[in-house]
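The structure under discussion appears below in the form of structure tokens.
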Amino acid sequence: MAEVLVLVEHAEGALKKVSAELITAARALGEPAAVVVGVPGTAAPLVDGLKAAGAAKIYVAESDLVDKYLITPAVDVLAGLAESSAPAGVLIAATADGKEIAGRLAARIGSGLLVDVVDVREGGVGVHSIFGGAFTVEAQANGDTPVITVRAGAVEAEPAAGAGEQVSVEVPAAAENAARITAREPAVAGDRPELTEATIVVAGGRGVGSAENFSVVEALADSLGAAVGASRAAVDSGYYPGQFQVGQTGKTVSPQLYIALGISGAIQHRAGMQTSKTIVAVNKDEEAPIFEIADYGVVGDLFKVAPQLTEAIKARKG
């Protein structure tokens, strides 16, 4: 059975949830082979998790160069493996970095590219959810080694113990024109889950009315242990920072539960959250488009509904 390369997403010595999802998706094409790219010592704490997720092989590409250059080390490693192992495909998370890596890799190896798929099927077929979830389409990439980016949360991870054979591979020296990292400024981490990794997301829209009123959204999110998101309208109005924007021009999420407070549901927003497993919408406008895709809808004042829900959750937790 042909290998399927999976670029592992990791942070601070731990696997990101999407890595297990990618390994599950890879089984539709062949035998999952995880690819860990990082500085020396990166792979060791990830091995057990990758085996449990189902990785038959783990390629370990470690070098100090990885931390000094943007994107190119991962592209170089994957391109080398694509040439040496002739995989049935390459799966990468549909993050900002992942999409750039995928595009560069596809161009490098002369292969077709499928972006932001919600499922992977036999024969290199990717399933896309388009037009705010109104349509589902299938596409097939040209070439022997399709490069596919998969939306985080779209595929349900199904652990299946893998052999996890470790193989060391070299990280090639960066080209002279590679973008070099000259300085780093870590983002201030909060207590809430990362937006694209969260199981539950509570998002606010223009209907929240002000930055101060977003405390209602945050309170509900904190009661659920959820991440906080915002629509583009809320971000453009200055209600919440842009790094939390959900939608076509923001982040794409696919949590188990998505609660939309005061969000009308423009197609651009729906494009970023339509694959959420369960959608709950609260809006005073009963004609709001968000209700078209909501599993549960409440027509009412979010400033009455959300606090009641927050208190009910706190009471239930004791």
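We count from 1, first residue shown onward.
Backbone N, Cα and C atoms are what each Cβ position is placed from, and that goes for glycine too.
Over all protein chains present, the Cβ of Ala281 (FAD binding site) has 26 other Cβ atoms lying within 10 Å. The feature FAD binding site is assigned by Swiss-Prot to 257-285, with sequence analysis given as support.
Reduced to three states, the DSSP call for Leu257 (FAD binding site) is strand.
Counting other Cβ atoms within 10 Å of each Cβ, the lowest count among the binding-site residues His269, Lys277 belongs to Lys277. In sequence order, Val201, Ala203, Gly229, Val246, Gly247, Thr252, Val253, Ser254, Tyr258, Ala260, Ile279 are the residues of the chain that are 6 or more apart from Met273 (FAD binding site) and have a CB within less than 8 Å of its CB. With every protein chain in view, the residue among the binding-site residues Leu257, Leu261 whose Cβ has the most Cβ partners within 10 Å turns out to be Leu261. All protein chains included, Asp285 (FAD binding site) registers 13 other Cβ atoms within 10 Å of its own Cβ. Just so you know, the Cβ of Gly265 (FAD binding site) picks up 24 other Cβ atoms within 10 Å once every protein chain is counted.
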